[in-house]
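A quick write-up on the structure given underneath.
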Amino acid sequence: MTEIQAEATNTHLLKHRFRGYFPVIIDVETAGFNAKTDALLELAAITVKMNEDGLLVPDQTCHFHIEPFAGANINPESLQFNGIDIHNPLRGAVSETVAITELFKMVRKAQKAADCQRSIIVAHNAAFDQSFLMAAAERTGVKRNPFHPFGMFDTATLSGFMFGQTVLVKACQAAQIAFDGKQAHSALYDTERTAELFCYMVNHLKHLGGFPHQQANEKK
């Protein structure tokens, strides 16, 4: 086997695990459900890497409290739910432009280091998080968006398939990942737990022999 062939079959390389996609775990906290009109208030992201044993582990983190964009709708019920005080100066909130620029910069650098072709959002009920991230990217006009425009890995779906649980706290409990309900609905905390959950599911499938996939006749 040549060196090129060996690399092409090396499942310890992240670029070979998801067909060249680079997973980035995301969570957002918002002032409503409409990504076009409601404020994005908090954003966290965690990249992943393969360790020397070929197991997926969390890597780099970025986290921002975000100022509502001009004219944004603020739903009081949403603020009551996530506990965010948008007028608290200790939030250290930045503009959407700063947050999206720094996020894209971190992701592009990590994606390049992993030799992947495109990044893909991983989130719990991912369509929600993706819609707010993409809306913010469009509003700010930040260029070189590394994320696939519509593809995503939804850990609610994946954990439903693997554990029969779709709620984040229940899925974490099934995976024996500690979850503090008092810290839930912090974008950073939820991203950290979602990253652990995603890595656990990917690694557990590998331990069970489900990846790399082999057809029945290939095992003979």
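Every residue gets a Cβ built from N, Cα and C, even glycine.
Quick caveat, the model's predicted, so the values are computed rather than measured.
Residues or ranges marked as domain 'Exonuclease' by Swiss-Prot on the basis of sequence analysis: 24-198.
The Cβ neighbour count for ASP27 (Mg(2+) 1 binding site), using a 10 Å radius over every protein chain in view, is 29. According to Swiss-Prot, the Mg(2+) 1 binding site annotation covers ASP27.
Taking a C-beta cut-off of under 8 angstroms and a sequence separation of 6 or more, GLU29 (Mg(2+) 2 binding site) has the following same-chain neighbours: LEU41, GLU42, LEU43, ASN82, ILE84, HIS185, SER186, ALA187. DSSP assigns GLU29 (Mg(2+) 2 binding site) to a strand. What Swiss-Prot lists as Mg(2+) 2 binding site is ASP27, GLU29, HIS185, ASP190.
Cβ-based neighbour count (10 Å, all protein chains) for PHE33 (site 'Important for substrate binding and specificity') stands at 12. Marked as site 'Important for substrate binding and specificity' by Swiss-Prot on the basis of sequence analysis: PHE33 (among others).
Using a 10 Å radius centred on the Cβ of PHE81 (site 'Important for substrate binding and specificity') and all shown protein chains, the other Cβ atoms total 12. Annotation source Swiss-Prot lists site 'Important for substrate binding and specificity' at PHE81 (among others), citing sequence analysis.
Secondary structure at PHE128 (site 'Important for substrate binding and specificity'), taken from DSSP and collapsed to helix, strand or coil, is helix. Over all protein chains present, the Cβ of PHE128 (site 'Important for substrate binding and specificity') has 17 other Cβ atoms lying within 10 Å. What Swiss-Prot records for PHE128 (among others) is site 'Important for substrate binding and specificity'.
The site 'Important for substrate binding and specificity' annotation in Swiss-Prot covers PHE150 (among others). DSSP assigns PHE150 (site 'Important for substrate binding and specificity') to a strand in the three-state reduction.
Taken from Swiss-Prot, the feature active site, proton donor/acceptor applies to HIS185. Annotation note: HIS185 (Mg(2+) 2 binding site) sits in a coil segment as assigned by DSSP.
Checking Cα-Cα distances from PHE128 (site 'Important for substrate binding and specificity') against the recorded positions (PHE81, PHE150, ASP190) with a 10 Å cut-off leaves nothing; none qualify. With a cut-off of 8 Å between CB atoms and residues at least 6 apart in sequence, the same chain places ASP27, ALA44, HIS124, LEU168, ALA184 near ASP190 (Mg(2+) 2 binding site), listed in sequence order.
Across the structure, PHE150 (site 'Important for substrate binding and specificity') and PHE81 (site 'Important for substrate binding and specificity') place their CA atoms 28 angstrom apart.
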